[in-house]
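Visitor: Input: one structure, supplied below.
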Amino acid sequence: MNEKQRIESGQVNPSDKKSEKDYSKYFEAVYVPPSLKDAKKRGKEEVKYHNDFKISEQFRGMGEGRKFYIRTYGCQMNEHDTEVMAGIFMALGYEPTDSTEDANVILLNTCAIRENAENKVFGEIGHLKALKKDNPDLILGVCGCMSQEESVVNRILKKHPFVDLIFGTHNIHRLPELLSEAYLSKEMVIEVWSKEGDVIENLPKVRTGKIKGWVNIMYGCDKFCTYCIVPYTRGKERSRRPEDIIQEVRRLAAEGYKEITLLGQNVNAYGKDFEDMEYGLGHLMDELRKIDIPRIRFTTSHPRDFDDHLIEVLAKGGNLLDHIHLPVQSGSSDVLKLMARKYDRERYLELVAKIKKAMPNASLTTDIIVGFPNETDEQFEETLSLYREVEFDSAYTFIYSPREGTPAAKMKDNVPMRVKKERLQRLNEVVNEISAKKMKEYEGQVVEVLVEGESKNNPDILAGYTRKNKLVNFKGPKEAIGQLVNVKIHQAKTWSLDGEMVGEAIEVK
């Protein structure tokens, strides 16, 4: 519904019409930058569950003869959100396209975790300006985490007024209404909720592939690490009910999926918001391991919530994979305190020791930030020493990127960028060294590989992943795609393994 229609329907008075620069009418709450103080108040509000999602008949057929294109940036949660939006588009009658030139609607599903991710999005918006000029009927939308930031919305309003639609992470289920308004309105349509949404079940999905599937188990994060924008862009922790998750996993198993990954900004906090029962991630994993699906992973973990019961359940093995991504961020207790991670170096190492005792062959990977405000040489050396002590299989490493509205962004930073880059290089040298050492141990071994498709570099070579998430390239028949096979490793590289398929595909019982 556009402004004129709203006035005619009596929903607003003409005198209430805002000036061109005042878009507050589109926001459910007052439009302000992320606030740590206000965000922490949110835990008092009850989360509501909705199992009756339906697309109104008035919107069905909206997409007949039209095509949509979604470009996804960032984490697995964004990929999952894209699957949901694609499902809604298809239910509206749209067809997918891989080309922006063929699309009638283009959505950029954005990431706000680092400045570099935001720059990529703004670069893409700039590239699409010419396309929009040539095709004025094209609907160009920006959604995802960046849309939850005041500075981003203001920048789009000021510098990219040709964008038609902006919506956030909490109202994806309102995509039909938002598209309808974008078609009718002559102004930019903006709907960003400061308050996080409820848990909406039965949303349609168009999954990418039939081999591996994402299963969202919770939304949001309440940890408020001082450097992180996610608690503001994704809202408070809200867990899906276990029965809904179990039903979804059973359905994927029946459809022939070989692997699922449980998703959440902090999966280890799963269930902590339930008021009617004591039920955590360990309980959920214990139920899921009984389902006839070969592989179950989860990401991402927070060390603070990684409890003994979860370790006990994971140690049962079976379809619960012994690959754990456990972000440490820094090896210095002082830096961890400034980050508000709520654990120190010793506690993290104790957790690692518990995991390795229960699962001696577990593969551990991590995330590390270098160049946090005022990080000293000694504190950085502590990160290097912790990495060597744990011997992670691999790591995602980053230079600290300040995010507007977070406490860390207000800290005075005396670490020059030159020093930050040098530290990142030194850390990556250690990461590569230990990864190469770990991969070398696979030479001569036979490993189970879930074959995902042809290698990106050579169509005559197949590629897949081991139970411990190691990339394997090997020679084998195309019929093996989508199957579990045994591969003998001949050569180890820093980040991948080369081998040859041995025997037939593994029968999954």
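Note that Cβ sites are derived from N, Cα and C of the backbone, with glycine treated the same way.
Fair warning: this is a prediction, and the values are worked out from it, not measured in the lab.
Grabbed the feature section from Swiss-Prot, which reads as follows:
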- 1-21: region 'Disordered' (REGION)
- 66-184: domain 'MTTase N-terminal' (DOMAIN)
- Cys75, Cys111, Cys145: [4Fe-4S] cluster 1 binding site (BINDING)
- 207-437: domain 'Radical SAM core' (DOMAIN)
- Cys221, Cys225, Cys228: [4Fe-4S] cluster 2 binding site (BINDING)
- 440-503: domain 'TRAM' (DOMAIN)
Visitor: Counting Cβ atoms within 10 Å across all protein chains shown, which of the binding-site residues Cys75, Cys145, Cys225, Cys228 comes out on top?
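Guide: When each Cβ's neighbours within 10 Å are tallied, Cys145 leads.
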Visitor: Are there residues of the same chain, six or more positions away from Cys221 ([4Fe-4S] cluster 2 binding site), whose CB falls under 8 angstroms from its CB, and which are they?
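Guide: Those within reach of Cys221 ([4Fe-4S] cluster 2 binding site), by Cβ under 8 Å and sequence separation of 6 or more, are Cys228, Val230, Pro231, Arg234, Lys236, Glu237, Gln265, Asn266, Ala269.
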Visitor: Give the distance between the Cα atoms of Cys225 ([4Fe-4S] cluster 2 binding site) and Cys145 ([4Fe-4S] cluster 1 binding site), rounded to the nearest whole Å.
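Guide: Cα to Cα, Cys225 ([4Fe-4S] cluster 2 binding site) and Cys145 ([4Fe-4S] cluster 1 binding site) are separated by 17 Å.
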Visitor: Can you check which residues sit near Cys111 ([4Fe-4S] cluster 1 binding site), meaning Cβ under 8 Å from its Cβ, same chain, 6 or more apart in sequence, and list them in order?
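Guide: Counting only residues 6 or more apart in sequence, the Cβ neighbours of Cys111 ([4Fe-4S] cluster 1 binding site) under 8 Å are Tyr73, Gly74, Cys75, Asn78, Ala117, Glu118, Val121, Gly144, Cys145, Met146.
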Visitor: Using DSSP with the three-state reduction, classify Cys145 ([4Fe-4S] cluster 1 binding site) as helix, strand or coil.
Guide: helix
Visitor: Per DSSP, how many helix, strand and coil residues does the domain 'TRAM' (440-503) have?
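Guide: Per DSSP, the residues of the domain 'TRAM' (440-503) fall into 4 helix, 34 strand, 26 coil.
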Visitor: Around the [4Fe-4S] cluster 2 site formed by Cys221, Cys225, Cys228, list the extra residues of the same chain whose Cβ is within 8 Å of the site's Cβ centroid.
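Guide: Going along the sequence, the neighbours appear as Lys223, Phe224, Tyr227, Ile229, Val230, Pro231, Gln265, Asn266.
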Visitor: Under the DSSP assignment, what numbers of helix, strand and coil residues are found in the domain 'MTTase N-terminal' (66-184)?
Guide: 66 helix, 23 strand, 30 coil
Visitor: Within the same chain, and leaving aside Cys75, Cys111, Cys145, name every residue whose CB is within 8 angstroms of the centroid of the CB atoms belonging to the recorded [4Fe-4S] cluster 1 site, in sequence order.
Guide: Tyr73, Gly74, Met77, Asn78, Thr110, Ala112, Ile113, Ala117, Gly144, Val230, Thr233
Visitor: Can you give the mean pLDDT for the domain 'Radical SAM core' (207-437), rounded to a whole number?
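Guide: Mean model confidence (pLDDT) across the domain 'Radical SAM core' (207-437) is 96.
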